[in-house]
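Visitor: First, the structure itself, so that you have it in front of you.
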Amino acid sequence: GFGCPGDAYQCSEHCRALGGGRTGGYCAGPWYLGHPTCTCSF
């Protein structure tokens, strides 16, 4: 979701918009699904 899989930039922007000290995000989850989960990083 939120750009994943395939658009890590959109995921990162989504995480930054959430605030709370989040610096961005990356696509995570099962590799065979193309990393479908947007995971925020702090």
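From the backbone N, Cα and C atoms, a Cβ is placed for every residue, glycine too.
The annotation disulfide bond is assigned in Swiss-Prot to C4-C27, C11-C38, C15-C40 on the grounds of experimental evidence. According to Swiss-Prot, the feature site 'Interaction site with membranes lipids' maps to G6. Marked as region 'Interaction site with membranes lipids' by Swiss-Prot on the basis of a curator's inference: 31-35.
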Visitor: Looking only at DSSP and grouping its letters into three states, which state does C15 (disulfide bond) belong to?
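Guide: Assignment for C15 (disulfide bond) reads helix.
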Visitor: Quick one: give me the count of other CB atoms within 10 A of the CB of C27 (disulfide bond).
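Guide: Excluding its own Cβ, C27 (disulfide bond) sees 21 Cβ atoms within 10 Å.
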Visitor: Within the region 'Interaction site with membranes lipids' (31-35), how many residues are helix, strand or coil going by DSSP?
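Guide: Per-class counts: 3 helix, 0 strand, 2 coil.
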Visitor: Taking the Cα of C15 (disulfide bond) as the centre, which of the recorded positions listed as C4, G6, C27, C38 lie within 10 Å of it?
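Guide: Of C4, G6, C27, C38, within range: C38.
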Visitor: Between G6 (site 'Interaction site with membranes lipids') and C27 (disulfide bond), what is the CA-CA distance rounded to a whole number of Å?
Guide: 8
Visitor: What does DSSP say about C38 (disulfide bond): helix, strand or coil?
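Guide: Looking at the DSSP assignment, C38 (disulfide bond) belongs to a strand.
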Visitor: Identify which of the disulfide-bonded residues C4, C11, C15, C38, C40 has its Cβ surrounded by the largest number of other Cβ atoms within 10 Å, counting every protein chain shown.
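Guide: Neighbour-count leader: C11.
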Visitor: Between C27 (disulfide bond) and C38 (disulfide bond), what C-alpha distance do you get in Å?
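Guide: If we compare the Cα positions of C27 (disulfide bond) and C38 (disulfide bond), the gap is 5 Å.
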Visitor: By a simple count, how many Cβ atoms lie within 10 Å of the Cβ of G6 (site 'Interaction site with membranes lipids'), its own Cβ left out?
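Guide: By my count, 12.
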Visitor: How many Å separate the Cα atoms of C4 (disulfide bond) and C11 (disulfide bond)?
Guide: 7
